[in-house]
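Annotated in TrEMBL:
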DOMAIN    5-120  domain 'Tetrahydrofolate dehydrogenase/cyclohydrolase catalytic'
DOMAIN    140-291  domain 'Tetrahydrofolate dehydrogenase/cyclohydrolase NAD(P)-binding'
BINDING   G165, R166, S167, I235  NADP(+) binding site
Amino acid sequence: MPTIIDGKKTSQDIKNEIAARVAEIKTEEGKVPHLAAILVGNDGASQTYVGAKVKACHEIGFESTLVRMEDTVSEEELLAKVEEINENPDIDGLIVQLPLPKHISVEKVTDKIKPEKDVDGFTPANVGRMALNWPAYVAATPYGIVELLKRYQIETSGKHCVVIGRSHIVGSPMSILMARNGYPGNATVTLTHSRTQNLKEIAQTADILIVALGKPEFVTADMVKPGAVVIDVGIHRVEDSSKKSGFRLIGDVKFDEVAEKASAITPVPGGVGPMTIASLLYNTLLAAERKVYG
Ligand code: NAP
């Protein structure tokens, strides 16, 4: 049986550690970390994600502010709101929930966020700092994966790491982090995408396979080297009449058959997913303690 990398338990451990630190900060400074989230419009998934983030803040003792704006809001008004929060000394971290309505430029809004408060790690300043291996807010999903590798003491040095998918929020930063000089890192990285030829043969040579392409159960056992560590980032809802909810969640990896070959694997649900909120909270703690920008 492979090691099942338990993201649910690990994220709870991290939240407990942050909560303990928050209690100390409160005593020392009389103030707790404060995260602001801007939510534009009424998209159901976005409301759920933001709601979960706000709830997690309360659970661990952070202050939070949720700013809701109509989906008819102008780009100018949204930029002005970002600027207002940038300048508010009571707020340590700011996230703008994506996606935004089509008439608003994600690039302009992201670029407006003060890098010191960019706890999603999406601004060019933080992506650049991460690439330079400087202190940075690393985006939540890649940061969550790094933390899982660390806490499960997965050896990465000298290993061949194949990343499937090159999105700005997952695959691309993951490839940079795995190649950097440090731990986890020092891997030889192959970053693959939809134009990659012979993906199956490349995947078969991976000691560590990080899968983030957004295709349900794409990675099958014949693509995996025996003993590989498999990290599944994908999340998909599929209908399942045997479940009360009428659906179940699956990943980009065909879990049952790949688990038989892997030495360690993240399940879906309960693997990478739960780590993302813990990462955001951790970045907000770093922001409150001025640990990244000094
Ligand atoms: P994305 O922006 O859609 O990017 C998908 C990437 O996969 C692209 O680089 C694409 O290549 C590549 N790709 C698509 N088909 C491919 C194929 N047949 N072979 C090789 N590469 C292929 O996706 P994302 O935002 O990174 O998300 C990926 C998955 O992770 C989704 O299921 C998403 O829901 C999930 N996700 C989960 C979490 C979490 O917290 N667990 C967080 C974020 C995302 P091109 O660049 O050539 O188009």
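Any Cβ shown, glycine's included, is placed from N, Cα and C.
Where the annotation comes from TrEMBL, it is an automatic prediction and has not been curated.
A map of TrEMBL features onto the structure.
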residue: G165; record: NADP(+) binding site; Cβ contacts under 8 Å, 6 or more apart: G171, T192, H193, V211, A212, L213, G214, V233
residue: R166; record: NADP(+) binding site; Cβ contacts under 8 Å, 6 or more apart: S172, S175, L191, T192, H193
residue: S167; record: NADP(+) binding site; Cβ contacts under 8 Å, 6 or more apart: A212
residue: I235; record: NADP(+) binding site; Cβ contacts under 8 Å, 6 or more apart: L249, G251, V268, P269, G273
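Note: the domain 'Tetrahydrofolate dehydrogenase/cyclohydrolase catalytic' (5-120) comprises 62 helix, 18 strand, 36 coil (DSSP; helix = H, G, I, strand = E, B). Binding of NADP(+) is attributed in the record to G165, R166, S167, I235, and the widest Cα separation among these residues amounts to 16 Å. Within the model, the domain 'Tetrahydrofolate dehydrogenase/cyclohydrolase NAD(P)-binding' (140-291) shows a mean pLDDT value of 97, rounded to a whole number. DSSP assigns I235 (NADP(+) binding site) to coil in the three-state reduction, placing it in neither a helix nor a strand.
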